[in-house]
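Q: Starting off with a structure, shown below.
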Ligand SMILES: Nc1ncnc2c1ncn2[C@@H]1O[C@H](COP(=O)(O)OP(=O)(O)O)[C@@H](O)[C@H]1O
Ligand SMILES: [Mg+2]
């Protein structure tokens, strides 16, 4: 401890004295230091498998406070006899949803796996808890109930009610069914099988308890230092004053039945507190006041019956010692006290002659016989009260709705060996033998047989099969112990001793059984858990277990309906069939239990008692070794080690895991057309599980290690999550792909559209020239297009901006280029000088660049003032704009693109300008002064032409009749595939690979054992939306004509909604202002609707929206808009969806014929193309997920559960109006009968068997968003 203190000090001495920033404390190595695992948590991992090594491991762990250890899925629990603090809610939560390997061994782990398996595999589960008395079975059962109640959800009040009731059965049945014994202060004196029923949401909807063999002998007597059932002490210590008054209740020392064993109080048990809890439990379970009162009345009857004493009269017959006691008993039972007294002291006998009824005699009883009759009545009343309570509890917990599956918890009395063992021990031990049979059956025998049957490679393990002991007890032919008992009872029914003797004789027939020996008045049975010597005396009587007719007749006379209802079966004296004996009943109910358990998937808890003294420190190695041995833990480990942790039929395996292989599933549907075995094999192979981890049997698949099964389960859990992610990814890819396609189409279209426009202007120029002018070769080239604004004035180039500002115009520029203007010089010949020419729709501007770098507008010529244009018939580049007389004269211009310039001017003026073409060009030089320029062919001019003193020298050009070459066929460019998104097929959409057909959608198959699923009404596309888009959709051919604008929107034929409130949406959601009108696209029932506003879709909360009532349609519809031409282009941004604009951040995609990836040269950008690239508002439908519908998050609420049906009243007679016919007699003042030995015979067999001082023998398991996205993807795919 010292080092840890030191470390603690270091940690706290961190604050620095310097006052600087607080220093971060040094990480503590102890942090996250987990409790060290002691021994092995799963004993299949033991290196040597012997009883000793098992014991050693258990001891090490127990000493360390680790009471739980696994053998595979079997939990071994060693009673700690102290509170370990391991059942808190915090611990419980740690087991929720975890598989057994993720968390340390715990009873919660078993509960979790049973609950998980029930939900996941829809199989009934049972938890079988076995072990000696006091080993911790009941505790384990309670912990399982605690766990299930905590994790099984359901906020519904009826579900909560069931949970409360199930939990309340514990204090109630413990009060009536448990007692303090020498081994256990809270020993269950009955067996209990609790079944909790669940609906298909895994919520408890009901429960049922089956009760086994209450130890009723305890009611009338107990071994020294043991007690009667808890309820007697609770009632006598804490009864209310009214109860004391009505039922004559006194303290426990006043009653023989509660005080004879000299144990009224138990350390650690607070009877008063427990009584309150019992009453509360009765309340929770819904026992009415009347029912409760009747239960307490019967308890009082029993207590007072115990105080009835018999004295021996002179003739040896018994007499009631104090009739005030019997009077009070009569009052409590509401019968005539005299009748009661007679029934207690005499017995009516009937002689039989040859099967005919003979005479009837009253035979007086001696005190011993009378005592036994009285005790029989007390035991019968208590037993029937107990059974009534169980059936009443069951009535309250009746399933509220259809139950899908159940979990059973078996907490039964443990194996018992006393010094004096009687019929009760035989029954208890027999039931334990049967349970061991199930364990062997399911973990050892069946397992091994299954390997043989399924032809699985496997090494057999030897084990002891206790079937031979079960047969010894229960066989009919040859008769086993129970059968021999029955025979003895049948033949010698009158005299118990004679019957016992007859039993001894019959037992001798069993001596050939190696597990049986007779020894005089005893017999020995070698049980799986040890040898037990049974005393024969009284066995036949106990087996007969019938209340004498006289007492039953007395009860028949009672006016108490409740008491009457406790004894519904009156033996019919004419019925020859013998009533079932106690042996018959226990055999029958054990058989039913086994059958019940075998129908469910079992989990085992094997409890071990480390000592007989309830000590938290003593570990009795010998005792534990014995338990380890008879529990067969060693064999259990061996079988587990050699065997397979999990197996299931091929059908079940396929049903559970078909999602895990693409060969067996498609989009969540089962598609395997082969048989279940091949499907199962395919799944296991495709999941990549090592081949030695599984084997295929004949009908089942076997999985070696639980880890493998858990891995499969995890994969299955992730499947839906992955699917949702895949759909999202496919959707995003599809959106990106769509965008990319749109971008390419737009670009292609823009190019073509503009190209066509340019080509049109060029064609027009041919008409203008009309073969009158020789051509330059350059102008005939195919790629020469009339693009107009060569200086990119419209495109706001630097020069363009200057020119715009100098010209002082914001008009659209139709044409701009560099030119030369003939400038006349004073005294010298005129000379061409560089200028800029800008043509707008209204005017022609000539801008000069001064030597100082200044731009000045030299001329502005309104288009309307141009009368004609003069050009030569040769190939020179000169032209004159004839304006008529002006101050400056006509501009005489040299322009490389003169034909284009002329064409534009003609277009702009609607061809009002004359184009004069001839051998000379006439223009006005200044004012009225005209000049004629001659054009002379001069082949000596190498390039272009030359102006020299009123003449232009130019070489020959192409003939005037030449036509421009048609646009060159585009070279097959490199088409870059669309690489956005992994799901898109390689090669992109331009290369249909046919691979879409390679994996056609497989047809849905019915799951093995299920009926065929009706084929979908709508034929599914051949490939999923994204794939088909990727492979089969090639860009549409350029439209042959301009698209027809969409018709004006008609009144939408859709539901319109108005926003009731403003809503600020996140990405993917639709922001709304109050009163915004939106169109409904899709209703999703998770509370979010897909709506469209201004062509944009987004999710909006439905409760923000209000339906706008539709306007009645006008009677006469307006004339319909012209129908669109049939060949209307199907542009991607189909109305009303917004155009998809190019993404500025997108990488350029090569366009056929354009090497740099941009079809429009940078120096030539039209307004539309430039705004296109700048358009940052990427108008795509949002693909973001709605944040509020997280994957797997909001689970759909469970369907409403109908109102809780009122349980029908229990089968109990109506509350009688009047009670005791006679007035209540005074509570007897008689003291409790003297202790055993004086008058009263000692309780014959304590603990239902052992007579006084019997020392115990030494041993005793965002879909909605994904679905919505998938739906949308399909819708868009269809729309497109
Ligand atoms: N897990 C446990 N933790 C602490 N104490 C236990 C535990 N299991 C059993 N005990 C103690 O042992 C006693 C006997 O256990 P119980 O479950 O009644 O035995 P059984 O039902 O097997 O006869 C309990 O009353 C309790 O005091
Ligand atoms: Mg118990």
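Placement of Cβ uses the backbone N, Cα and C atoms for every residue, glycine included.
TrEMBL annotations: computationally assigned, not manually curated.
Pulled the feature table from TrEMBL, pasting it below:
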type: REGION; residues: 1-25; note: region 'Disordered'
type: DOMAIN; residues: 38-717; note: domain 'Myosin motor'
type: BINDING; residues: 131, 132, 133, 134, 135, 136, 137, 138; note: ATP binding site
type: REGION; residues: 565-584; note: region 'Disordered'
type: REGION; residues: 590-612; note: region 'Actin-binding'
type: DOMAIN; residues: 775-960; note: domain 'TH1'
type: REGION; residues: 952-1054; note: region 'Disordered'
type: COMPBIAS; residues: 1006-1033; note: compositional bias 'Low complexity'
type: COMPBIAS; residues: 1034-1051; note: compositional bias 'Pro residues'
type: DOMAIN; residues: 1052-1110; note: domain 'SH3'
type: REGION; residues: 1110-1262; note: region 'Disordered'
type: COMPBIAS; residues: 1115-1128; note: compositional bias 'Pro residues'
type: COMPBIAS; residues: 1166-1182; note: compositional bias 'Low complexity'
type: COMPBIAS; residues: 1196-1213; note: compositional bias 'Pro residues'
type: COMPBIAS; residues: 1214-1227; note: compositional bias 'Low complexity'
type: COMPBIAS; residues: 1246-1261; note: compositional bias 'Gly residues'
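Each of these features: where is it, how hidden is it, and who are its neighbours?
A: Counting every protein chain shown, the Cβ of residue 134 (ATP binding site) has 25 other Cβ atoms within 10 Å.
Same-chain neighbours of the region 'Actin-binding' (590-612): 58, 62, 73-79, 81, 107, 110, 113-114, 117, 121, 123-132, 134-137, 140, 183, 193, 210, 212, 406, 408, 410, 414, 430-431, 434, 437-439, 441-443, 474, 618-620, 623-624, 627-628, 631, 633, 1256, 1258, 1260, counting only residues six or more beyond its ends whose CB sits under 8 Å from a CB of the stretch.
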Q: Count the other Cβ atoms sitting within 10 Å of the Cβ of residue 133 (ATP binding site), across every protein chain shown.
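A: For residue 133 (ATP binding site), the count of other Cβ atoms within 10 Å is 22.
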Q: Count the other Cβ atoms sitting within 10 Å of the Cβ of residue 135 (ATP binding site), across every protein chain shown.
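A: So the Cβ neighbour count for residue 135 (ATP binding site) comes to 26.
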Q: Validating a neighbour-count step here. Other CB atoms within 10 A of the CB of residue 136 (ATP binding site): how many?
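A: Excluding its own Cβ, residue 136 (ATP binding site) sees 24 Cβ atoms within 10 Å.
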Q: If the ATP site is taken as the center of the Cβ atoms of 131, 132, 133, 134, 135, 136, 137, 138, which further residues of that chain fall within 8 Å of it by their Cβ?
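A: Other same-chain residues near the ATP site: 79, 184, 414, 607, 609.
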Q: Applying a 10 Å Cβ distance cut-off over all chains shown, what neighbour count does residue 131 (ATP binding site) have?
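A: The Cβ of residue 131 (ATP binding site) has 25 Cβ neighbours within 10 Å.
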Q: Under 6 Å from ligand 2 by C-beta, which of these binding-site residues make it: 131, 132, 133, 134, 135, 136? Sequence order, please.
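A: Qualifying residues: none.
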Q: Within 10 angstroms of the C-beta of residue 137 (ATP binding site), what count of other C-beta atoms is obtained when all protein chains are considered?
A: 29
Q: For residue 138 (ATP binding site), write down the residues of its own chain that are at least 6 apart in sequence and whose Cβ falls under 8 Å from its Cβ; none is a fine answer.
A: 174, 178, 186, 188, 411
